[in-house]
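Heads up: the structure comes next, in structure tokens.
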Amino acid sequence: MISSLQALRFIFALFIFFQHFPIRNEEPRALLDGAGYMGVSFFLVLSGFVMSLGYAEKVKGPDFKWGTFMKKRLVRLWPLHLLCLAIWMIFAYGQWGKEALQPLPLVGNALLLQAWFPIKEMEGNGVAWCLSDLILFYGLFPFLMRMKPKNLGVTLLSLIVMCWGLYYALPISDDLLFWYWYKLPISRLCDFILGILSYHIYQYVSQEYFHRIWGGVSPVKRRLMELAPLLLYALAFAYIDSGRGGIHPSVYYYLPSCLVIFIFALVDKSKDKAGVPALISQRWLIYLGEVSFSFYMIHNLVILFCKKVFDIASLSTPWQIRFAVTLPVAIAISILVNKYYEEPITAWLSKRLFRKDAK
């Protein structure tokens, strides 16, 4: 993984945390309302880019096995999902009673089907809907990766037309619009394909024009190029926050997400030791990027738990103090979960499931 992109994983995971952290109890309002759209868009585009970076050639090889590929993806996702679901069930039972635990919806959640159905009882650990999308993306990745970039672009345009066509053709009520555009795997497949296309552009530029163009760019222009996608993120956030965004907020983050990944990857290839990518490529931030999946999966549970503790203690605590307690606790638990659960169980399952598979 490219160091600066690894660090960005944690930074954008923080934006999702800010989206979910309430600063008012009586009228819940997010610390940074709307930041979650930005974080999720970045992660889904990045997943397409990183998957291409690691598996572009492997999926085209004669020894590639789709079943083994998918099992390896599940081994990375499923154990942590099941742990978080179990913790959520304990919390939900204590908070809302057995009515909150509907067997059939929970089975669907455990099987990572929750993003396909707009059923509230199926949500469980709310942030896990993203895994439901990733399973589809990973399943399609070998086929998408084998397409020529031009054909992949046509596929993306066809997908966009299909999503809008279904939106107008089906009786989708207003209360289902968020699910349709934000969670439904088919709709979010656009993000993943954009990541793959970003990889193709990166490969083309780095192989054909890197030394001729990038090598001749002055340090000042490089810094401006690095800052450009960050400025686009800020402009998109401000535009959406003003209430003028007519389409789903995630769409406004497509361009800056593709650009930041593309430009930071080029900077990494150039071995440039200055600028924004170098600034964020600190060892501690890279490490937090490595545990960002654990952080993403547990952060909402930690927010709920800490809020409950403050409520039980009848502490009328300013949100700033709750934030100062909750965020470090979430980071600490994510590190512990990654070190003592996620990594060991992934290694244990991999050793037993893939003993005979060579890929």
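Cβ atoms are placed via backbone N, Cα and C, with glycine included.
What TrEMBL annotates here:
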type	residues	note
DOMAIN	3-337	domain 'Acyltransferase 3'
TRANSMEM	7-23	transmembrane segment
TRANSMEM	35-56	transmembrane segment
TRANSMEM	77-96	transmembrane segment
TRANSMEM	126-145	transmembrane segment
TRANSMEM	152-170	transmembrane segment
TRANSMEM	182-202	transmembrane segment
TRANSMEM	223-240	transmembrane segment
TRANSMEM	252-268	transmembrane segment
TRANSMEM	284-303	transmembrane segment
TRANSMEM	323-341	transmembrane segment
Cβ-Cβ under 8 Å with the transmembrane segment (35-56): same-chain residues at least 6 beyond its ends: 1-2, 5, 8-9, 12-16, 18-20, 69, 130, 133-134, 137-138, 141-142, 145, 182, 188, 191-200, 202-203, 233, 236-237, 240, 249-250, 253-254, 257-258, 260-261, 265, 296
Top Cβ-contact partner of the transmembrane segment (323-341) among 77-96, 126-145, 223-240, 252-268 (pairs under 8 Å): 77-96
Long-range environment of the transmembrane segment (77-96) - Cβ separation under 8 angstroms, sequence gap at least 6: 106, 109-110, 112, 124-125, 128, 131, 134-135, 293-294, 297-298, 301, 304-305, 308, 337, 341-342, 345-346, 349
Overall pLDDT for the domain 'Acyltransferase 3' (3-337), taken as the rounded mean: 91
In contact by Cβ distance (the transmembrane segment (284-303), the transmembrane segment (126-145); 3 or more pairs under 8 Å): yes
Range from 152-170, 182-202, 223-240, 284-303 with the greatest count of C-beta pairs under 8 A to the transmembrane segment (7-23): 284-303
Same-chain residues near the transmembrane segment (284-303), Cβ under 8 Å, at least 6 residues beyond its ends: 1, 3, 5-11, 13, 16-17, 20-22, 43, 80-81, 84, 87-88, 91, 125-128, 130, 326, 329-331, 333-335, 337-338, 342
